[in-house]
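Residues annotated as region 'Disordered' in TrEMBL: 23-43. Look at TrEMBL and you will find 51-72, 168-188, 200-219, 240-262, 282-301, 313-332, 338-361, 373-395, 401-423 tagged as transmembrane segment. Summarising the annotation, TrEMBL assigns domain 'Major facilitator superfamily (MFS) profile' to 245-428.
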């Protein structure tokens, strides 16, 4: 090692993929990480039948897990109108944020178990547990989230093992499954609930999710276990935080994630207050509109990020999300502006969410990809838990001006995330 500031295995290609600025030395990381990255380049298949089957299976997993998370805006309004009229929006939002948090908290051990045993063993466990939940349909959101967490980290990891040069695009396709779920599920429930009631609508939704998992198990390659368990400590790998790039990325994710889901939860209610006398049929489709735009953002964003560099893509995109919140949502005086905001914010947030795992995976050795992606998610989980409820607590009144402090919170979250992501680029 000629230069103490340059890690082993940090090739020119890897610097370009990370979006590192020219002339800035890489920070110190463990020597074995560099060697693992060189091996990862050779082992990645960059396409082929197995690689794209992994993408398809992981897409279905994301549809069935994060697709439900992205649909919670529908349930936020439904619970507030039908079951929890006396509860504040902030309190109700904890139901949705608890889902996300439990999914991310389980990511570290689930990812490590994937590294040890492969994805099919994990997915079979989840699918069997899901069958039990069919019989408790009325507590779908409270019970389902605990098991949805298990396949989430392996779904990304198995794709990461098959792609290197086009990893952001592949992970963007996987992440778009959650956007498709966020488009389809709210529309499905809005049509079924008035006809067959809430409990049976949930059971229909559960059946769809079980089918997604069954198909994912059937078509997904198992992934190659990279190591053997030596102790229980192998289930939790937080040594990635010794890498300054990994730590800065995690700090940026915490900041930006505080406000990421604020529009997903509150835009529908904001539209109702903005236009109480307009056609109410538009309001139920705002959340699907955000998710549809997010799907495009995830697909296009992954392709662009592979070309311009992952970190070079992240910090402008989080700045864009904050800008459209401030420029469109905050001063909005017409329904058309809110519809336009839904399209733009969905696109920007989709690109941001899909590229983050790929950027993180670039600095993780292949044999620890699952465990460290999971540890990254665990660290950022509490931002999801607290962000949207904090924003809801800032609502002053059920009026347009009463929701403006909530919007300011989302803008500040994006601004801090921008600073952290930019710092990550400068320190890489």
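The backbone N, Cα and C atoms fix where each Cβ goes, and this holds for glycine too.
Whatever TrEMBL says is automated annotation, not expert-curated.
Non-local neighbours of the transmembrane segment (168-188) in the same chain are 51, 55, 58-71, 73-74, 155-156, 159-160, 162, 201, 204-205, 208, 264, 284-285, 287-288, 290-292, 294-295, 298-299, 301-303, 305-306, 310, 313, 346, 350-351, 353-355, 357-359, 361; each lies 6+ residues outside the stretch with a CB under 8 Å from one of its CB atoms. Between the transmembrane segment (282-301) and the transmembrane segment (338-361) there are 3 or more Cβ pairs closer than 8 Å, counting only residues 6 or more apart in sequence, so the two stretches are in contact. When Cβ-Cβ distances below 8 Å are used as the criterion, the transmembrane segment (338-361) is approached by residues 18, 156, 160, 167-168, 171-172, 175-176, 179, 246, 249, 253, 256, 260, 263, 267, 270-271, 274, 282, 286, 289-298, 300-302, 304-305, 310-311, 313-314, 317-318, 320-321, 324-325, 328-329, 332, 369, 372-373, 376 of the same chain, each at least six residues removed from its ends.
When Cβ-Cβ distances below 8 Å are used as the criterion, the transmembrane segment (313-332) is approached by residues 19, 168, 252, 256, 259-260, 263, 267, 270, 274, 301, 304-305, 338, 340-341, 344-345, 348-349, 351-352, 355-356, 359, 400, 404, 407-408, 410-415, 417-418, 421-422, 424-425 of the same chain, each at least six residues removed from its ends.
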